[in-house]
Amino acid sequence: MKSVTKKLASSVAGAILALVFFASPVLASGETVTDFSQQLSQSQQYGFKHAIAIDQESGQILYQKDADDLHGIASLTKLLSLYVIYDQLAQGKLSLDEAVPVSPALAQQSQVEGLSNVPLVAGPANYSVDQLIDAVIIASANSATVALAEKVAGSEDHFIDLMAQKLDQLGVDDYNLVSASGLRGELRADARPGQFAESEENRVSAKSLALVVQRLLKDYPDIQSRAQVKEKVFQVAPDWQVTMTNSNQLLPGMTYGRQDITGLKTGTELGAGYCLVATSFINQRPVILVTLGAESNEDRFLETSRLLSDLQNNLDWVVLIPQGALYNNGEEVEIYGGNKATTQLQYGNTVACFVPHNYTISDSPEADFTEPASYSMNGNLEVNAPLEEGEAVNTEILHIPFVDSVDGQLALATDLMPTENVKRVSPFVQITRKVHESMQFISDWLNAKIAEYSY
């Protein structure tokens, strides 16, 4: 088991070493992602309070700064609200062309100066679900979010219950929710005197928010597509149009734009400060960055951009085991009860992860199997017949100290599969073989002892 990982890991380590000479200056290293993150934070002094960066597909954590602490998330709340709304669409309880009523209170709030909004006109059917989703994603419209919430659940409070249920479903158990839009509770259109503490707002950790975004984009990629739209006309009334401008100024062509940014959402509140979720690429892998608590609008974008560049300059995507590679350098494993004695096993999928440029991978990384492994009397790995080509007989998991994930469940795992079909023989043949193997083992042992005492 170890020899194949030794060979692959050694070649990977060599590749990383070669990259050091061609990459930008290394800003951080470290055995674990915590060590790496601390070194990067200390050297770069980023201007945000909490942050995390993850691989979008696997959930591997690439950087974290106080990512487990609760913090205000402001309009990033809308990503959770959109999750609930898209669940309703997926379940057939809502349709994109369905009309959404707007109350007089929401219509009035939609035109309050200083709140992120598109103007709305009160009425039972002035806007569709599709229109308001665009307003939420592109313009971060608070009143449009609450209109959708009331459409789905009857009231904002009941919708917040659905938001909490979604967090519970995702395994997030530490949060505080007071609004569907991300506004402070006291600013809700339906807020009652004394209902909320002063400046009470939604609070979630950066890590939990990254998990929400990862699952959201996996389940509903339409959200990312909409989040890439920089400008769009919103039809307020038959004779009234406004142009929505995306608040994410990191999008290509915008004030702080980067060509490698593919979304996603801003958030701003008194307690939360200036927050951002951005999606981009590192080594051509899609990644998610969450930064909370920057001190200004400019810092929100510049500091997130700086973090992204630093990660791009310090991390490599390394293949540890390629799909189809042969187990144990192609050495054959023994078969118990088969019509042949040995066969080869191959890996069913690629095992890969991010590591820092100068990261040293052990020559024999720790590895184990998900199912108990059997070994012959000679100490060789043994599999039971019958075998079918391409059907897993066990799963091997590599353990790399740098690798941690946003949900704690990432495993560098790959199935072991036979390269051929092997039939099972009768019990009589199996017993005869075992007797022969045992006699041979005893004979070899006795001969070794005789040779030992003959000196």
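Note that Cβ sites are derived from N, Cα and C of the backbone, with glycine treated the same way.
Pulled from TrEMBL:
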ACT_SITE  Ser75  active site, acyl-ester intermediate
ACT_SITE  Lys78  active site, proton acceptor
ACT_SITE  Ser140  active site
BINDING   Lys265  substrate binding site
DOMAIN    45-295  domain 'Peptidase S11 D-alanyl-D-alanine carboxypeptidase A N-terminal'
SIGNAL    1-28  signal peptide
Counting other CB atoms within 10 Å of each candidate's CB, the least crowded of the recorded positions Lys78, Lys265 is Lys78
With an 8 Å cut-off on Cβ-Cβ distance and a minimum sequence separation of at least 6, pull the same-chain contacts of Ser140 (active site), or say none. Ser75, Lys78, Ser116, Ser247, Lys265, Thr266, Gly267
CB contacts for Ser75 (active site, acyl-ester intermediate) [other CB atoms within 10 A, all chains]: 25
Can you give me the average pLDDT across the domain 'Peptidase S11 D-alanyl-D-alanine carboxypeptidase A N-terminal' (45-295), rounded to a whole number? 96
